[in-house]
Amino acid sequence: MAPHGPPRLPPPPSPQWVIDLNNLPSSRPRPNPSIPDPPGFSQGSAGKGKSSKSHPTPTPTETDDLFLKKAWELALAPAKSIPMNAIMMYMSGNTLQIFSIMMTVMLFMNPLKALSTVGSTFARFDNERTHTRLWPVKLAYIGLQIATIALGIWKVNGMGLLPNTRSDWLAWERERQSLELSAVALQ
């Protein structure tokens, strides 16, 4: 039985550039020998995608320096968000609205989460050679997280939620005892 429906057409032929890329010669002659190869390029690796030069393996000191550089980048990342958070806190106003309350809560939650995971955050950079050199990095990270929390405290104070005036503590004030009494004298 023949299948029902229209006859199937053969696939269209591939474009010429696809055929040329699939059939590259193993070594092509250079089009202009007076132009030098770019740095890192070798003629033997033209079609392979990898350089035939072997790169020297980095020494442990170089690896540790790279680890510390990446750790400093990670530690200083919160500093980039502090100005943005400060502008957002200023722009949200000091009234008690859901937006300003959510922004303030996030200003406390994110640094507290980050402070609770400092060890695991820098664990990938920690080894026996970088352990002592990693302490200033961790302290800088902790300091920036504390600065973000201080920004949140500033915002909470601006909203009037910190009990820092005498009128906030009137419930615990004792009644003043009079030193003198005055009375109306009727004659």
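All residue numbers here begin at 1 and follow the chain in the order shown.
Quick reminder: no glycine exception, Cβ is built from N, Cα and C everywhere.
Going by TrEMBL, these are the annotated features:
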COMPBIAS  1-15  compositional bias 'Pro residues'
COMPBIAS  28-39  compositional bias 'Pro residues'
REGION    1-63  region 'Disordered'
TRANSMEM  87-109  transmembrane segment
TRANSMEM  139-156  transmembrane segment
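Proximity of distant same-chain residues to the transmembrane segment (87-109), defined by a Cβ-Cβ separation under 8 Å and at least 6 residues beyond the stretch ends, is recorded for 148-149, 151-152, 154-156, 158-160. In terms of DSSP helix, strand and coil, the compositional bias 'Pro residues' (1-15) has 0 helix, 0 strand, 15 coil.
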